[in-house]
Structure formats: C-alpha cells, structure tokens
C-alpha cells in the first residue's frame, strides 16, 4: 500500500513554486499578492486564513488579511471587493467562507473579477473548466487532488473513477477535471441508490461527504486508489470520510487524514495566486 503523503508533496511543490516566484519577481519586478477577507470572528476562518498567510510568506507571495466586523453589510463588502478588483497591485482575492447569514454568498462570489478569483468559484471559471480553457482558475481542492494523482503516477486515462459527493466546491469540479483527464466518471450523491454497487467498481475512489468513516472496507475494490477529502472531528481527533484502518490493507494507495488532501488545497491556492499575477501582467 502506498500512502499518498499530501504534507510531504505539498512541501516539495512549495519549494518549486518559491523558485518560480523568485525568478518571476527578478524578471518583472512584480510581487504576486493575495488579499483575504474575513467577515466576523469565526475562529476556524481565522485559523484557515492564518495558515494561508504563512504559506504565502514561505514562497515569496505577499498577502494581506482584511478583517471586517460581523455587522458589515453586503453592500460594504461588495464595495471593498470592487476596490480590490481595480487595484493593480492585488492579483488574487479570497473571501473566507462561511459569511454571516445576512450576506448573500453568491452575490459576493460573483462580484470578484474572474481573473482574481483565486478559489475558482466564479461562474466564468466554472464555465472555463467545462470548456477546458487554459485561463481557467481551477478550484483549489479538486486541483490538489489531480496534482496528487499526477505526482504519484496514478493514471486517470481510461480509469473508472467514482466521486462520492456532488458539492460545487469539490465533487462537481473534480468530476469535470477527471473527465478532462480522460477518465470515465460516476458522481454519486445522497440520492444515489445502492452506493456500494458503484464504489466497489472504482479504480479510483474520491470521497467528499463530511461523514466520519462513511466508506468501509466492503465498499472498496481490492487494489483501488482512495482519495479521502473529508475532515471530521470525532472525540478530539480529525478523521476522514473513509475508515482508514479498515481500508488501508485492501487498497493500492490511499490518502491519510490529516496530512492528505488538506495541505494540497493551500498549496494550490499559492499556485493559483501566481497564475493570477502572471495572467494579469501579460
């Protein structure tokens, strides 16, 4: 069994990116810059953004965090985004979710200039993904999954892939990326009947449902590759959507939780920020 070590791979990729960023800065005198916006005092949001700030510093990308009070109105937030859209020194914009209930998430996402939409959530980037447009900013977690498969030499062309979970953030975009990579893809969701009949046929199984230990050994094909996107808190520990202990001896390769997909998400955010800077300054 191969352990797909996202933490180690992420470290290697950041070192590669740091070299690229340094060369880019030397040749253009432009420093890529990411601005992250937090609305309110959600502790998890602050932790996530702090880790993104730290990662930016490691590769030579500038970052700025703007923290707004909980009572910030939607129009005030949209006005700030408009200012950042028109600031040529800012290349990438991230609004940390969740937002307070009185702010419409879609209005906020749609207001970010597609070329600065580092999360890849804007409808323009979603459409570009479908069309295989090279200017597409791909959503960070799905992009990280594809990078893991590629870096570990796991072939997608001709593979039968089952994605469990159909969210806009992971399930749908990773399904599209896999289609683009010439895989045959089945996307399962909560209305899928007889889920096991699908998962046991998968050469590659990707799980993103937010249910601890949801995938058990009897749901996985012998010799499959399993990518566990889940992050669940159980009895003070972080566990995935896959019962790792039961599944690991049955599969060819598997991601751990923590230390699998999670670190790759932040690394791809850095790569997207660099892509934003390059595209905006062509």
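Including glycine, each Cβ sits where the backbone N, Cα and C put it.
Marked as NADP(+) binding site by Swiss-Prot on the basis of sequence analysis: 165, 166, 167, 231. Sequence-distant neighbours of residue 166 (NADP(+) binding site) (same chain, 6+ apart, CB under 8 A from its CB) are 172, 175, 187, 188, 189.
Under a cutoff of 8 A between CB atoms, and with a sequence separation of 6+ in the same chain, the neighbours of residue 231 (NADP(+) binding site) are 210, 238, 240, 257, 258, 262.
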